[in-house]
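Taken verbatim from Swiss-Prot:
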BINDING   His150, His218  heme 1 binding site
BINDING   His164, His232  heme 2 binding site
BINDING   Leu419, Ile420, Ala421, Gly422, Gly423, Val424, Gly425, Phe426, Ser427  NAD(+) binding site
DOMAIN    114-229  domain 'Ferric oxidoreductase'
DOMAIN    254-410  domain 'FAD-binding FR-type'
CARBOHYD  Asn106  N-linked glycosylation site
CARBOHYD  Asn261  N-linked glycosylation site
CARBOHYD  Asn350  N-linked glycosylation site
CARBOHYD  Asn442  N-linked glycosylation site
CARBOHYD  Asn496  N-linked glycosylation site
CARBOHYD  Asn548  N-linked glycosylation site
TRANSMEM  10-30  transmembrane segment
TRANSMEM  66-86  transmembrane segment
TRANSMEM  110-130  transmembrane segment
TRANSMEM  152-172  transmembrane segment
TRANSMEM  184-204  transmembrane segment
TRANSMEM  210-230  transmembrane segment
Amino acid sequence: MILARDDKWTLGSIALIFVLLIGFALLFLLERFRVKEKSRTFKDCVNVYQCPSKGERVYLALRHWFIFLATHKAQMTLILSPLVMLVTIPFTGKETKNSIASYDWNLTGVAARLGYLSCGLFFVSYFFSLKNNPFCLMLFSSHEKMNYLHRWLSVYAVLISVLHGILFMIFSAQSYKPLLYDKISIYGYFITVVLFLMTVASLPSVRRKFFEWFFVLHHTCSVLIIFLIWLHHPRTIVYMKACIIIYAFDRGCRLFRSIWNRSNFRIYLLNEDMIYMVGRKPKRSFFALPWAAGSHVYINIPSLSYWQVHPFTLASAPFDDFIELFVAVHSGFTERLANRLYSMPHEYPNFSLAPGTPESLSNTYRELNSFKSYAVEIENTAQGHTYEPEDLYLETTVFMDGPYGTTSNVFKEYSYVLLIAGGVGFSYTLPILRDLILKECNVTSITFIWSCRSLSLLKVASKSLNSLLHQSNVRLKIINHFTGSISCKESSEFSNQTTENSEMEFFDDRPDLDMYIQKFFDYVGYQTAALAACGSQSFLKRIKNSVNKSISSTTDIYQHYEEL
């Protein structure tokens, strides 16, 4: 299909979006170079604090505003929405010749142009939903960060398409055109119904509560939209072909990776609300993407369901010969997996390490192999029973798509790093910590804060943290806050430790985030710093509020938040 003259405006809007992103990617590369050079200079000249110049102060102030908006999506949406609408106005094409009704104020011309524009935005929205997105590689970021663009471009596309339909209905009513049995109108009504279903299913409250239903409905409606718009008008076919090509390419790559990375996983139930999984590292292939610490994979367990795929954060790093996952048990897929573990009859297995097992095998896995020496008490008085994790294990085939995530560990470029996690969120911050300690970087000081209420999880993770404590060549402070119903200090395994330049502490209360973040900013001074946090929505909100209260205009800090 040859593009018509009017399509130039739609192509112009698509090009504008991509050009802006390419420009942003170039600025991001320049920022990384600036941070790397500043951190390298500081590392070579320890304890040399230079006050930022006037130009750097202005730059940091502008950067703070950008980071604030990037980490507060609601405020960014309020600012960007009217700007996007203003930019959209020129692309509606009021100068378009009205060949249908010359007496009209160009109503049909504007309505048609809005239809083309919405098709173009649907294509861009599909593009940013791809797991295999080239902009992720350019920005050293995860496809999850593109979801913001995917969602809001979809919203704008829906609003513009609805306006397109309303204008044509007004014209049809004025011109006494058929509204109910016209072919184009009928497909338009079907498109409206499907878009309404997608909008309702995509609401945050609905999406979180019924994620599995949302996943199925969202993808089904996405395919329906393509074919309905295809049938709606012949001039839209070229845009829908583009959507089909990129959608099929992405799905094909993911399917190939899932089959290629099929392997046996050993799955343990640490306690009533925590699952541990360990398996073979993903194979290298032409379709594999580069990944770094803090990445995630999509897991499918055929013995539970062939159709359900769920994302989980990797607690291992790229240089490991294995991958491990810590999974919190919620309703749905993870609950069924936990019930499967409960229902299986077990005898205590003798997990001797097979010949050729790498020495780098995780402390977690080795600790599980020796877990028989003690029992974990479930903190549930209604149950009142104890069990040992080895008695609740499963070995099964897993299809694994990924890993996906950042292509490099950006935290390596900063002088000071603060890692904060709540609960199973430590599976995101732990591999970053390991990567910073075991690999060469510009970091001179790391603070690791973790709040946890699971005693068994704390015991398993403390082995890895203790090992890192004695391997660290930089200043390392590990702070563990146990929020369970009993005291972790009753066990001799959770004792404070100090080495030449590192220390690890245990506390039986909630962390005072305001105090920790303020101390970190005071310690950083004018040098480069990075903060990474992972936890629940409320946990991250507390951290963001603490950062906003403590940050100054000269603080040179990068912030990254991962919501569980």
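Cβ coordinates come from backbone N, Cα and C, glycine included.
The NAD(+) site is defined by Leu419, Ile420, Ala421, Gly422, Gly423, Val424, Gly425, Phe426, Ser427, and by the 8 Å test on Cβ atoms against their centroid, the other residues of the chain that qualify are Tyr428, Thr429, Leu430, Trp450, Ser451, Cys452, Cys534, Gly535. In the domain 'Ferric oxidoreductase' (114-229), helix, strand and coil residues by DSSP number 96 helix, 0 strand, 20 coil. Here the binding-site residues are His150, His218, His232, and the one ringed by the most other CB atoms within 10 angstroms is His232.
Shown are the binding-site residues Gly423, Gly425; of these, the residue with the fewest other Cβ atoms within 10 Å is Gly423.
For His164 (heme 2 binding site), the nearest of the recorded positions by C-alpha distance turns out to be Asn548; the candidates were Leu419, Ala421, Gly425, Ser427, Asn548. The CA atom of His232 (heme 2 binding site) is located 20 Å away from the CA atom of His218 (heme 1 binding site). Comparing the recorded positions Ser427, Asn442, Asn548 on other C-beta atoms within 10 angstroms of each C-beta gives the minimum for Asn548.
Of the recorded residues, Gly423 (NAD(+) binding site) and Asn496 (N-linked glycosylation site) place their C-alpha atoms 20 Å from one another. On the 0 to 100 pLDDT scale, the model's mean across the domain 'Ferric oxidoreductase' (114-229) is 83.
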